[in-house]
Amino acid sequence: GCWGAEGRVAQKLLQDLFANYSSALRPVEDTERPLSVSLQVTLAHIIDMDERNQVLTSYLWVRQVWLDAHLRWDKEVYGGIDSLRIPSSFVWRPDIILYNNADDRFGSSMETNVVLSSDGRILWDSPAITRSSCRVDVSYFPFDGQRCRLTFGSWTYNGHQLDLQNRLDSGDLRDFVDNVEWEVLGMPATRNVVTYGCCSEPYPDVTFTLLLRRRASFYVFNLLVPCVMVSFLAPLGFYLPADSGEKVSLGVTVLLALTVFQLLVAESMPPSESVPLIGKYYIATMTMITASTALTIFIMNIHHCGAGARPVPPWARRLILHHLARICCVYEVGDGCKSPAPPPRPPREDNREEVMGLEDRPVEEKTGSCPRDDCVCHHEVLVRNVNYITGCFRRHRAAQQRTGEWKKVAKVMDRFFMWIFFFMVFLMSALVLGRAA
């Protein structure tokens, strides 16, 4: 019986309140005074951050509180009823929308109930999934932070009709569900009064600034670390023997691998003039690998100098074969970096006689039964042949010596550029990490 009586009283209260009520008019007793509306936003979840289209999708709980002068009653008269929960379409609602909305559908919040108190105070809590435009700065990607603004205000009521106030100094983050990609540092709220070019009246708004910082672990292990590892392969192309035929292939393969990583980064970034930090690192590394491949081709050309090549210039012999060879520890096979090269062994006398020919021997013996005077012609022919063979052997040895010097020049240059490019890769990696910090 008590519950039935209370239900009939609540129904009578609802009929009395809305008998002559219109939800189309602003509920104030004095039309010259503005209606105060307080706004509070609770961030529940960050659904997506689209860097390429610069759109932030978030799940919000929006609370609006205002005073309706036409919906008051004496709770003692109506059985002590202090509040009613009625559909929000029954009462007047402020047309507060998200100014920087980026959704193709300009839908309002969900049609939830409002809590109507006996003193005319209306509390309207409504969840909303918003797509807001956010200016994304990817200069320090993947170690970047973003500032996304959510600006709420009335679309038709100016500041003389509706006074919008922020209920708290910041957005409520107590019910926020952690995002796997973004870390929320804060959500301060500020009230602004703006006079637009279309109208002379001021329009107040409340702007919530969402401070985000990217969790860079995923990008470090999937984009940055592989790039650093591939980059350290490029200087090793100088250490690869020139006769293997794989020096240029290694440089081209590393360049193609970095191109794939660069395309992956470019697909997710907005097409703007600000190049991300990891993109700059990729471009610098690709430039370095291109230069190393070009130098490898040049050094291979030096290595494969044939027998008709010129001798090594004196300045190159002094600078490269002496000074750079000592700095880079390039010695002959079997020599250490600290022990000097052993002196060459002097040729044996019997070998010298075999190599230089038979012209130094006294021709005293006779061949067979031929007299000495009759063998003079044969002796001259033999001497000419031996001299010819000796000259060919000397020219061959000189050509081999020139070819060996050019190969050693190429080897010294390989080692020198290998250490130079190792230093450049280390320096670029340190600069990227230092700037990110």
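Just so it is clear, glycine is given a Cβ too, placed from its N, Cα and C backbone atoms.
For 11-215, the entry in TrEMBL reads domain 'Neurotransmitter-gated ion-channel ligand-binding'.
According to TrEMBL, the feature transmembrane segment maps to 218-241 (among others). Long-range contacts of the transmembrane segment (218-241) within its own chain (CB-CB distance under 8 A, at least 6 residues past either end) are made by residues 141-142, 181, 247, 250-251, 254, 257-258, 261, 264-265, 278, 281-282, 285, 288-289, 292-293, 295-296, 299, 414-415, 417-419, 421-422, 425, 428-429, 432.
The annotation domain 'Neurotransmitter-gated ion-channel transmembrane' is assigned in TrEMBL to 223-430.
Marked as transmembrane segment by TrEMBL: 248-269 (among others). A Cβ distance under 8 Å defines the sequence-distant neighbours of the transmembrane segment (248-269), meaning residues of its chain 6+ beyond its ends; these are 51-52, 138, 141, 223, 226-227, 230-231, 233-234, 236-237, 240, 276, 278-279, 282-283, 285-286, 289-290, 292-293, 296-297, 300.
Annotated transmembrane segment per TrEMBL: 281-300 (among others), in sequence order.
Among the features that TrEMBL reports, region 'Disordered' is placed at 338-365.
Positions annotated as compositional bias 'Basic and acidic residues' by TrEMBL: 346-365.
Among the features that TrEMBL reports, transmembrane segment is placed at 416-434 (among others).
Through the fold, the transmembrane segment (281-300) approaches residues 224, 227, 231, 234-235, 237-238, 242, 247-248, 251-252, 254-255, 258-259, 261-262, 265, 275, 410, 413-414, 417, 421, 424-425, 428-429, 432 of its own chain, all at least 6 residues removed from its boundaries and within a Cβ separation under 8 Å.
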